[in-house]
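Worksheet: one structure, shown below.
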Amino acid sequence: MSESVRTNTSIWSKGMLSVIVAQFLSAFGDNALLFATLALLKAQFYPDWSQPVLQMVFVGAYILFAPFVGQIADSFAKGRVMMVANGLKLAGAAGVCLGINPFVGYTLVGIGAAAYSPAKYGILGELTTGDKLVKANGLMEASTIAAILLGSVAGGVLADWHVIAALVACALAYAGAVAANLFIPKLVAARPGQSWRLSAMTRSFFCACVVLWRNGETRFSLVGTGLFWGAGVTLRFLLVLWVPVALGITDNATPTYLNAMVAVGIVVGAGAAAKLVTLETVSRCMPAGILIGVVVAIFSLQHALLPAYALLLLIGMLGGFFVVPLNALLQERGKKSVGAGNAIAVQNLGENSAMLLMLGLYSLAVLVGVPAVAIGIGFGVLFALAIAALWIWQRRQASY
């Protein structure tokens, strides 16, 4: 299947809609699988500190394969790369259903996710460009967050009913994503003919890291998105421990409902960013980043469900407004310097290194017995300070 696709085409084109549907199903599977697998660990009496370790093996796959997945995304039609990556996710989820060690199956899903990410974001810059790219990113983030919303809730609710049924639903979602990938137009490879020697690929990747880091705008984007997603994944696991302590609720579903409120908020924030922020006014998103940390600290002190829902909705809105412009900035500047696939692969390395560090610190805090409420307060304060420092740094760099 092939189809000529020009940049600057409508964000409602066949190609873009196919990408969005595939992304929704794949992200639905990712989020349902996380909570279904956490329920499986609970049912098999794994210790609490092993829960973030599950995500750490997933993140470790991103870091290990970071030097290679960007070149893969740029060397082949990105829609086909997405299809193969979703096939790996399907294999991992099916393996957990069939009884293999959940950490092994989840690692395979992580490998698929590592290959998938540069292709899914890189293809946006091939289907559209300029300020339409910000809108396309908003659409992608809205689709992703809708999938997080539904997938997280489905994973928790189904796991309360039957853990294996929840795992089967995840595998079916990945199968649907593979099918949707078939309808993405086969675009010309962005950078064919590159060397496939591991040493050359590694060298090329780290050269891309250097190029992006030396550019003030892309460095700013890399640090900002890394902090955001590192904090976001840590918050998901914090909620799993915080809910029983602060609210006295012990089921699998309530943490997923709370995560869903963050997802709803991100959809709203992403939509606002698409309308209010352009590539030239990215710094408008920074106050929202600082407020995320402030609201997380306030949230950690709550003991009632209704204010918890409201504050998590606000956290999500601030998060969507913060991260969407940073993603668009990196894609646009990175496409021109190192290729969209390599730019996203470098971004993934930064984001997942931040996730690994934050999850490691969180797991250590749980292991030594720090209360969940204290972890939440400290986490929020440190995040606000980190974003404030990044903003000051960016303003100083811009003034030179």
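Glycine is treated like the rest: Cβ placed from N, Cα and C.
What Swiss-Prot records for 19-39 (among others) is transmembrane segment, and it gives sequence analysis as the kind of evidence.
Residues or ranges marked as transmembrane segment in Swiss-Prot: 53-73 (among others).
The feature transmembrane segment is assigned by Swiss-Prot to 91-111 (among others).
Summarising the annotation, Swiss-Prot assigns transmembrane segment to 139-159 (among others) and lists sequence analysis as the type of evidence.
The transmembrane segment annotation in Swiss-Prot covers 164-184 (among others), and the record cites sequence analysis as its basis. Long-range Cβ contacts of the transmembrane segment (164-184) within its own chain (Cβ-Cβ under 8 Å, at least 6 residues beyond either end) map to 1, 14-15, 18-19, 21-23, 25-26, 28-29, 32-33, 35-37, 39-40, 78-80, 82-83, 86-87, 89-90, 93-94, 96-97, 123, 151, 154-155, 158.
Residues 66-68, 70-71, 219, 222, 330, 334, 337-339, 342-343, 345-346, 349 of the same chain lie 6 or more positions beyond the ends of the transmembrane segment (195-213) yet place their CB under 8 Å from a CB of it. Taken from Swiss-Prot, the feature transmembrane segment applies to 195-213 (among others).
Summarising the annotation, Swiss-Prot assigns transmembrane segment to 227-247 (among others) and lists sequence analysis as the type of evidence.
Residues or ranges marked as transmembrane segment in Swiss-Prot (evidence: sequence analysis): 257-277 (among others). Residues 134-135, 137-138, 141-142, 145-146, 148-150, 152-153, 156, 232, 235-236, 239, 243, 284-285, 288, 308-309, 312-322, 324-325 of the same chain, all 6+ positions outside the transmembrane segment (257-277), place their C-beta atoms under 8 angstroms from a C-beta of that stretch.
The transmembrane segment annotation in Swiss-Prot covers 281-301 (among others).
Here Swiss-Prot flags 304-324 (among others) as transmembrane segment, drawing on sequence analysis.
The feature transmembrane segment is assigned by Swiss-Prot to 352-372 (among others). Packing against the transmembrane segment (352-372) from elsewhere in the chain are residues 48-49, 52-53, 55-56, 59-60, 62-63, 66, 226-227, 229-231, 233-234, 237-238, 241-242, 245-246, 300, 379: each is 6 or more residues past its ends and has a CB under 8 Å from a CB in it.
Here Swiss-Prot flags 373-393 (among others) as transmembrane segment, drawing on sequence analysis.
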Annotated stretches the transmembrane segment (91-111) and the transmembrane segment (227-247) touching (3 or more Cβ pairs under 8 Å): no
Beyond the flanks of the transmembrane segment (281-301) by at least 6 residues, Cβ under 8 Å: 217, 220-221, 224, 227-228, 231, 235, 242, 246, 269, 273, 308, 311-312, 314-315, 318-319, 321-326, 329, 372-373, 375-377, 379-388, 390-391, 394-395, 398
Folded-back contacts onto the transmembrane segment (304-324), same chain, C-beta under 8 angstroms, at least six residues removed: 134, 137-138, 141, 145, 224-225, 228-229, 232, 235, 246-247, 249, 257-259, 261-274, 276-277, 285-286, 288-289, 291-292, 295-296, 298
Contact ranking winner - 19-39, 139-159, 227-247 against the transmembrane segment (373-393), Cβ under 8 Å: 227-247
